[in-house]
Amino acid sequence: MMNQKFSFSQILGRKADVTRILLSVVFIALVFIPLIRMFINIDSDSLHKVMASPTFSTVIANSLTATAIATILTLIIAYLLAVSIERTNIRFKSVFGIIFVLPMLIPSISNGMGLIILFGNNGIITKLFGLSASIYGLHGIVLGSILYAFPVAYLMFSDIMRYEDSSPYEAARVLGIPKFRQFTSITLPYLRKPLISAIFATFTLIITDYGVPLMVGGKYLTVPVIMYQEVIGQLNFGKGAVYGCLLLVPAVAAFIIDLANKDKGNSSFISKQFEPVGGTVRNVISYTYCSVVSIFTILTLTSFIILAFASDYPNNISFTFNNVINTLNLRANEYLINSIIIALLVSVIGIAAAFMTAYMSARMKSKTSRFLHLSAITSAAIPGIVLGLSYVLVFHGSVVYGTIAILVMVNLVHFIASPYLMMYNSLSKINENLEGVGHTLGISRGRMIMDVFIPQCKGTMFEMFSYFFVNCMMTISAVSFLASTANKPVSLMINQFEAQMQLECAAVVSLAILAVNIIIKVTVAVMKKTR
């Protein structure tokens, strides 16, 4: 009997190993084969032209300078916001929290456009206060990048502070250790790992983005903008591949360092969670700071409403629906449907793929589990604009090129790493002996998955759906090289309208994306509460 059970266990283990290897091969093929094709596409002539270009070193310096400044300021702003929300007892925390993440629900190019509407030559604030300074250039990129990236850093800091142990601080207060010494000796060591993760997540997000620099960069060119211009404007795939490889260097380096940083970490035991403290001065400062950031964020989003429904901005701001009608006449409704279809398909397929992969790596441990885990998160190291270009080079001329299928594929590969990690962490927290108990009771693994694991992970699945859907609705980098007039997502119309100086139509599209994403976020929140 024991030999039969052992034999059954061996067979099951071998089948699981084969499945894990096949899944790993699929992930690697969808990521590395396109990248290898991109590397092969680099010829000596393209490489020489890029390296010999007088703007080459300037563009790299521009990218690094803008990214470094924006990353530092983003982290400071996000950390102070997290402290204000998690460490004080101010009211309206939930309202502030919602406002802080709103910039995540629109494309980065929309954030850049919002700055133009506010601070451009005919901007609302420019005219209101008679400002003469231009928004275009380094400071515009920095400001737009902060607006685009601070919600991500805020959520990371807020999450880690929510689970910080207050016992060391209480002991330090009893011993009379000054606040600054507490910060350097307790807070900074505790934040070291999440801070490193936040630094590289923010850095990668900013340095690989072309939406903000394209809108407000002006003559201050960055690597992603040059890459976009070479491929879209001049159809020069060789030079585009060279710039794509340049973008891979910081992104992959950040991924490897962040991965090593997480692997070295140890989980900490929380004996006592923080209780938010009061104090008039502390609360006033926190209210003021949160309000200033909220007002600026809301102003940017409100500018879309003003522009979308103004008769003739800036000459006549009387209310009209003409801009909406004009946008619909330009097939925006068709492209919006395309985006929703793509987002739904990616969400459904992505949840299934992420759950199966996470279950195989988290619940069926073996020598191949680690390999599958690393394969599943590899795509997180690849910038969307690079992934999109590599897919053009691989699939150009194939039956899927120019269809919605290729957009579903590239979005799935681009976004699957984070939802996979969500599910991996959720499954890892469930009692590791459940399968053994189920096998003893004669319950099949499939039934255990349907009756135990899926119900336990429904909340995570809702979040995964939200993540896939929202990101698919607003992405521009991964799909900009792959879209055609037949399968174009609505987010790409923002680039088109901006190039044609139809900012009113671009504002309508941005509002449509924001509205759809808010509906999804609210629906997911309601379903999580009522499940």
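In case you wondered, yes, glycine gets a Cβ from its N, Cα and C as well.
Pulled from TrEMBL:
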- 60-258: domain 'ABC transmembrane type-1' (DOMAIN)
- 336-524: domain 'ABC transmembrane type-1' (DOMAIN)
- 21-40: transmembrane segment (TRANSMEM)
- 60-83: transmembrane segment (TRANSMEM)
- 95-119: transmembrane segment (TRANSMEM)
- 131-157: transmembrane segment (TRANSMEM)
- 195-221: transmembrane segment (TRANSMEM)
- 241-260: transmembrane segment (TRANSMEM)
- 281-310: transmembrane segment (TRANSMEM)
- 335-359: transmembrane segment (TRANSMEM)
- 371-393: transmembrane segment (TRANSMEM)
- 399-421: transmembrane segment (TRANSMEM)
- 465-486: transmembrane segment (TRANSMEM)
- 506-527: transmembrane segment (TRANSMEM)
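Between the transmembrane segment (195-221) and the transmembrane segment (506-527) there are fewer than 3 Cβ pairs closer than 8 Å, counting only residues 6 or more apart in sequence, so the two stretches are not in contact. Fewer than three CB pairs closer than 8 A are found between the transmembrane segment (95-119) and the transmembrane segment (241-260), and contact between the two stretches is not assigned (pairs 6 or more residues apart). The recorded stretches the transmembrane segment (60-83) and the transmembrane segment (21-40) do not share 3+ CB pairs below 8 A when only pairs 6 or more apart in sequence are counted, and are therefore not in contact. Same-chain residues lying 6 or more positions outside the transmembrane segment (131-157) and placing a CB less than 8 Å from one of its CB atoms are 62, 65-67, 69-71, 73-75, 77-79, 81-82, 100-104, 108, 111-112, 114-116, 118-121, 123, 125, 194, 197-198, 201-202, 205-206, 209, 211-213, 215-220, 222, 296-297, 300.
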